[in-house]
Every structure is written in structure tokens, then in C-alpha cells.
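Peer 1: Please see the structure below; I have some questions.
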Amino acid sequence: GIVLVAINPYEQLPIYEQDVIYAYSGQNMGDMDPHIFAVAEEAYKQMARDEKNQSIIVSGESGAGKTVSAKYAMRFFATVGGSASETNIEAKVLASSPIMEAIGNAKTTRNDNSSRFGKYIQIGFDKRYHIIGANMRTYLLEKSRVVFQAEDERNYHIFYQLCASASLPEFKDLGLSKCFFLPT
């Protein structure tokens with residue numbers, strides 16, 4: 001398949017705007033510069049032409065911009081599929097991310113807010129190739145961080161905060177059992 005190497009510039013660039021989506025829409029792979037929109041267009045075209053499921057795998061180091069790349073691909077699909085104005089699919093699919101990442105993010109020696117989750121996002125299209133729904137599954141990675149903390153690293157934010165606050169009176173109002181977090 002196609003491989004695109006992207007670098008997270010850590011700042012917003014004007015290469016992901018609506019006019020760039022339209023520039024890549026309908027183009028053949030290789031006609032324009034390599035771009036996440038070129039990869040998304042190729043998957044979209046093959047889905048429509050062959051009527052078969054397509055996959056885009058976004059992989060990379062911690063902090064490389066994987067979640068942002070997935071957002072851009074979803075924005076591309078919503079725009080070219082004519083459903084961008086009807087639904088904010090990007091926001092809806094990723095709505096659970098802040099909650100999941102608050103539990104699962106950690107500080108590593110290379111990234112101050114490193115996600116410990118892998119995501120599988122499945123986007124459904126109707127016969128006109130408009131987005132009709134999506135599903136996101138989240139997988140916990142590096143489970144060893146729950147019980148082990150390397151030097152100069154911070155483990156899961158909320159998990160440890162809940163453990164540390166289990167004896168506070170406010171904890172009872174959360175409806176969580178103290179023994180859920182601490183050994184008896």
C-alpha cells in the first residue's frame with residue numbers, strides 16, 4: 001500500500017484547510033505532493049470504485065501527531081462526502097478521547113502528555129458515500145505502567161489521583177468503592 005511519512009510541526013500550518021481538501025479531492029495518487037489528504041482521497045476513491053472497505057493505518061512515535069492526522073482524514077471524508085455541514089463527525093467520533101486520555105495519559109522522558117491508548121476508528125458511509133456514523137474503539141497500551149513507574153516519568157493522571165484521594169470525604173460522593181483502587 002501507500003506509505004506517507006508526516007512530521008508533527010507542533011504548530012498550525014495552512015496546509016490542512018478547506019481549500020487544500022478540495023485541491024486533493026478527485027486527484028490521483030502522485031499527481032500532487034504527498035499529503036494525508038492524498039492518502040484519504042485514494043482510500044475514498046477505492047471504496048467508491050470497488051465497493052470494498054478501506055483502511056488507513058496511522059502509526060508513529062509518541063507525540064508524532066497520530067490523533068491529529070486521523071482528525072484530518074476524517075475532516076477530508078466529511079468534506080468530500082458532502083456531510084461536513086450536516087454533522088461534525090470529527091468531533092463526535094473523538095468525543096470520548098479527552099476522558100479516556102485523562103485516565104491513560106502519562107509523562108514519558110520524551111513527551112509530557114503521552115497517550116497510552118491505541119484507537120480503532122470505523123467510519124460508516126451510505127450508498128452516496130456520505131458519512132452516516134462512526135465507532136471508535138480504544139485499547140489500553142503499555143499496561144505495565146499501571147504497576148511500574150520509570151524514573152523521570154509520570155503514570156496515569158486520574159488513576160493515581162483517585163488512589164491518593166480515596167480517604168478524602170469527597171471520594172464517597174463519586175460512588176466508587178475504596179477497595180476498587182486499593183488492596184484490602
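Glycine is no exception: its Cβ is also placed from the backbone N, Cα and C atoms.
Remember, TrEMBL labels are computer predictions, not curated facts.
Per TrEMBL, the features are:
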BINDING   G60, E61, S62, G63, A64, G65, K66, T67  ATP binding site
DOMAIN    1-184  domain 'Myosin motor'
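Can you walk me through where each of these features ends up in the structure?
Peer 2: Its own atom aside, the Cβ of E61 (ATP binding site) has 11 Cβ atoms within 10 angstroms in the protein chains shown.
Across the residues of the domain 'Myosin motor' (1-184), the predicted structure has a mean pLDDT of 77.
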Peer 1: Counting Cβ atoms within 10 Å of each candidate's own Cβ, which of the binding-site residues G60, G63, G65 comes out highest?
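Peer 2: For the binding-site residues G60, G63, G65, the Cβ with the most other Cβ atoms within 10 Å is G65.
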